[in-house]
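Q: Handing you this structure, nothing more for now.
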Amino acid sequence: MSEMTPREIVSELDSYIIGQDKAKRAVAIALRNRWRRMQLNEELRHEVTPKNILMIGPTGVGKTEIARRLAKLANAPFIKVEATKFTEVGYVGKEVDSIIRDLTDAAVKMVRHQSIEKMRYRAEELAEERILDVLIPPAKNNWGQPEETQEPSPTRQAFRKKLREGQLDDKEIEIDLAAAPVGVEIMAPPGMEEMTNQLQSMFQNIAGQKQKPRKIKIKEAFKLLIEEEAAKLVNPEELKQQAIDAVEQHGIVFIDEIDKICKRGQTSGPDVSREGVQRDLLPLVEGCTVSTKHGMVKTDHILFIASGAFQVSSPSDLIPELQGRLPIRVELQALTTDDFERILTEPSASLTEQYKALMATEGVTVEFTREGIRKIAEAAWQVNERTENIGARRLHTVLERLMEDISYDASESNGQSITIDAAYVGKHLDELVADEDLSRFIL
């Protein structure tokens, strides 16, 4: 798991997300508390439960982006789910328990990757020996078994040197490689994905792992053999246990669009995709044991971060029990013109940098002036104010409209330089921004 301090986490998030300091601080503290808890003695560690977070703010202000970036920083099992995908147990649709199953699958994949990386050096040695055995077959004894010699022959050593220097990369060899598992496509109704996964695993295990001769270049064979040998060095049962421990101690679940499962007004009949889902989430957030194909997983110490726009509902519309299990509330602010201007220039791989790089592939140099960027930010803010406020996502729409002519003609404009200043932006956007009907349907 990550050992970054809260200040380091916020600094890293600042590289991608503009503003929203309160939300960044909250997730940074929550992430650091995961590390702090692991430093306690076992008895006290069991008593310290995570303080779950509810992020509240209009659409397009950075809630989901914080989750995306946090997933990369956490170095822990992480999953992002949409609350609207689930229904109450017993109805058609995904059950909330599948969140923990998917989180465990992600953890197994993560732990397997880490284990393979640790074994890579040994796997490279074994892969090298297998390729050399094909190039220079070892001498065999009277029983047809390879003879065990104390020292490799000079010829083998010479080929080993060439192999390491890449001189044999393009040479084709025929070698036995693990055959791809038999694919069994099973169509299942919504909510039955777990059953189909188990059936597919069963059919693959019946087929077994077979070796199949393939004619392939040494460079490609080396990569495949490394993966194959590394997989042999990993203990599957130990790997599963490590993954379950990682989920139970460090797992993070981000539930997006939680406001969409709030009950609005008085409705008759069962509310299976709203209040029913909230009731099903309660035991997960409070702590329960979920059965997965890898084993039983306890959710007592999994951190839950929920987010929602709450534009047509409020956090108080959540059932009281769920409100109590999300004790930390963070409100994200709507974005201003200054924020839009910073979003266009400051983040790593900002939108303007992306468009410049895309046009550079056609040999077209695009430059954005400071006044031009300010004008784009003002246009996006005005459209947000006069129509639906979709936050920073409006910048994508405005920029795409602004760059439409340049993108269309770029293939025939090799070597040209284009400067996007306030006048250029005004020429292409002023009419659309001024006309409310046009901006509503086009921007």
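Backbone N, Cα and C atoms are what each Cβ position is placed from, and that goes for glycine too.
Not my notes, these are from Swiss-Prot:
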- Ile18, Gly60, Val61, Gly62, Lys63, Thr64, Glu65, Asp256, Glu321, Arg393: ATP binding site (BINDING)
Q: In which DSSP state, out of helix, strand and coil, do we find Val61 (ATP binding site)?
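A: Once the DSSP labels are grouped into three classes, Val61 (ATP binding site) ends up as coil.
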Q: Drop a 10 Å sphere on every Cβ of the binding-site residues Glu65, Glu321 and tell me which sphere holds the fewest other Cβ atoms.
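A: If we count Cβ atoms within 10 Å for the binding-site residues Glu65, Glu321, the smallest count is at Glu321.
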Q: Cβ distance under 8 Å to Ile18 (ATP binding site), same chain, sequence separation 6 or more: which residues?
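A: Expected: Gly62, Leu335, Asp339, Arg342, Ile343, Glu346, Pro347.
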Q: Using only the Cα atoms of Ile18, Gly60, Val61, Gly62, Lys63, Thr64, Glu65, Asp256, Glu321, Arg393, which the record gives as binding ATP, return the largest interatomic distance in Å, rounded to a whole number.
A: 34
Q: Reduce the DSSP letter at Ile18 (ATP binding site) to three states and note it down.
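A: Reduced to three states, the DSSP call for Ile18 (ATP binding site) is coil.
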Q: For Val61 (ATP binding site), what is the tally of other C-beta atoms lying within 10 angstroms of its C-beta?
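A: Around the Cβ of Val61 (ATP binding site), 26 other Cβ atoms lie within 10 Å.
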